[in-house]
Amino acid sequence: MNTWNHTSKPDFILLGLTDSKEIQLVLSVLFLLIYMVTVLGNLGMILIICVDSQLHTPMYFFLIHLSFLDLSYSTAITPKTLENLMTLNKSISFIGCFTQLYIFILLAATECFLLCSMAYDRYIAICKPLHYPIIMSSRCCLVLLTGSYMIGTVDSSVTVFSTITLHFCKSSVIHHFYCDTSPLLSLSCSDTNDVEIIIFIFAGSTILGSLITISVSYVSILSTILKINSTSGKQKAFSTCASHLLGVTVFYSSLIFTYLKPSKSYSLGKDQVASVFYTIVIPMLNPLIYSLRNKEVKGAVVRLVKKRQGSRKLR
């Protein structure tokens, strides 16, 4: 029998994505490359925004923190996944597992409301441009950012402390590549109905609450854009929020697919693919989305390169 005693708090075993050595090798190389691009892309985005004074606006203030969140929760998941793929060590301590879960939920929930804040910023910029400097003040930006982190902390704390009180005695094997709620709940020999309801309420409130706010913002933005007479005016207005809209669509589609359903409907293959997408791939995509489709960021990169070339010539 593959059972264990919860009182001793032994290690969990992360089963990972596959048992095939060949596929593990391919995935380890792929994930390592993706993680390197994620680190370089997000650090590069933070550096460019900090260095270029023309990007010191509310939208890019939020974008710095979006890059920080993407980099952080990718780092909370990917290095351990790479260790599992490249070595025989697939264990993770009881405390390490719940720490990983806590950090991940905190950062993911915070990102939901940070995207919400960015949508509000775009709403004010397009629908109330004359009031933009007054409404989107430094104080307002700090309040929105602090609120995002506070909601993320509450969401994460409730979820983790509800889950950690369960008795885990069925098995120590987690059928996933990181510690997540559904695989952990399946290991519990306690009644998980109350915990599942709590997690569903908080996850649902976080995801749907922020998504509804973003949707309302974009309905108002779309309504304002359609009232603009000139085609060039419409294109310019839409281009200011196209990158954010694309980022939101990619992030929420995978998040809703994974979390807004009962844990009993957990599907090993489908859920793992979705999890790989939003924990490893999306943090890499966001810097690309916000830079390749953004003329201001491209311009900042050009100015930074010219500045460096000019300083070399002076030497």
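The backbone N, Cα and C atoms fix where each Cβ goes, and this holds for glycine too.
These figures come from a predicted structure and were not determined experimentally.
Taken verbatim from TrEMBL:
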type	residues	note
DOMAIN	41-290	domain 'G-protein coupled receptors family 1 profile'
TRANSMEM	25-48	transmembrane segment
TRANSMEM	60-79	transmembrane segment
TRANSMEM	99-120	transmembrane segment
TRANSMEM	132-151	transmembrane segment
TRANSMEM	197-225	transmembrane segment
TRANSMEM	237-260	transmembrane segment
TRANSMEM	272-290	transmembrane segment
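The transmembrane segment (132-151) makes contact with the transmembrane segment (60-79), as judged by at least three Cβ pairs under 8 Å among residues 6 or more apart in sequence. The average per-residue pLDDT of the prediction over the domain 'G-protein coupled receptors family 1 profile' (41-290) is 87, rounded to a whole number.
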